[in-house]
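Remarks on the structure that follows.
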Amino acid sequence: MSAHRTRLIAALDTASYDQALQWATALDGIVDAIKLGLEFTYACGLDAVKALGNRQDLFLDLKLHDIPNTVSSGLRALTPIKPRLMTIHALGGAEMISRSRATLEDAFDNDEKRPKLLAVTVLTSMNEQSLNEIGINATPLDEVVRLGRMAIRAGADGLVCSAHEITALRDALGDGPELVVPGIRPAGSNTDDQKRIMTPAQAAQAGADWIVVGRPITRADDPAAAAQAIQNELQAVTRCR
Ligand SMILES: O=C(O)c1cc(=O)[nH]c(=O)n1[C@@H]1O[C@H](COP(=O)(O)O)[C@@H](O)[C@H]1O
């Protein structure tokens, strides 16, 4: 058993480079990593992603989902950015995941420096009803565990899931996979479009390796203070696993 700290990723969802830089600067030394996703990347381009990613640990969240050749080639094109974490959709299937992992291994001699490949399971904005609407007659919990098993077996280093599924995933897959958990809302904050939410402390208690928090930080009057409050909440949870 080892002491394990849940780390905080701030999602810098904006189309403005200046805004992202301002947040990244204010949060430097408070959060453990920053996340740049579709909005920032499409609006500002990969050079801007690289510039911000050179300053702090980077989670590059582009959620690739296409045929195996297209996804693995797309990942290869992103490797000069050297993110710490990258996302693809588990729904792309086992071959897409295994080819993606092989591409990343091929691009990095040093496995320590290789970006960790995360498979997104069921988006935290979805509940059982939204799964039914797309023809999946399962609970989010069952669907996440099913996709999670497949994705880890195929070569993903970790999974993106909600905090509600952490215990079941640990039971099914053990401590190895990195579990990255969005849908985090400090008590009393606006849930926005998130459906499967928990507080930072609850997610840490459940065993999240990383939590991802966007609007509760970026829409706060003082983003640095909001992020520090979340870190304090995480650090108050001591757990061993
Ligand atoms: O892959 C992700 O990071 C992700 C997966 C998921 O299931 N749910 C989810 O919210 N996210 C991302 O996590 C961030 C959550 O942002 P907030 O809802 O503002 O805290 C966003 O940048 C989402 O793109």
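Cβ coordinates come from backbone N, Cα and C, glycine included.
Because TrEMBL annotations are produced automatically, they should be read as predictions rather than curated entries.
Taken residue by residue with DSSP, Asp61 (active site, for OMPdecase activity) is part of a strand. Taken from TrEMBL, the feature active site, for OMPdecase activity applies to Asp61 (among others).
Feature annotation from TrEMBL assigns active site, proton donor to Lys63.
For Lys63 (active site, proton donor), applying a Cβ distance below 8 Å and a minimum sequence separation of six or more within one chain yields Gly37, Leu38, Thr87, Ile88, His89, Val120. TrEMBL lists Lys63 (among others) with the feature active site, for OMPdecase activity.
Per TrEMBL, active site, for OMPdecase activity is recorded for Asp66 (among others). For Asp66 (active site, for OMPdecase activity), other Cβ atoms within 10 Å of its Cβ number 14.
Per TrEMBL, the feature substrate binding site maps to Asp13, Lys35, 61-70, Thr124, Arg185, Gln194, 214-215.
Annotation source TrEMBL lists domain 'Orotidine 5'-phosphate decarboxylase' at 7-230.
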Surrounding CB atoms that lie within 10 Å of the CB of Pro68 (substrate binding site), all protein chains:
18
Listed recorded positions with Cβ under 6 Å from ligand 1, out of Asp61, Leu62, Asp66, Pro68, Thr124:
Asp61, Thr124
Same chain only, sequence gap of 6 or more: which residues have a CB within under 8 Å of the CB of Asp61 (active site, for OMPdecase activity)?
Ala11, Lys35, Leu36, Gly37, Leu38, Leu85, Met86, Thr87
Cβ distance under 8 Å to Gly214 (substrate binding site), same chain, sequence separation 6 or more: which residues?
Ala10, Ala11, Leu12, Asp13, Lys35, Pro182
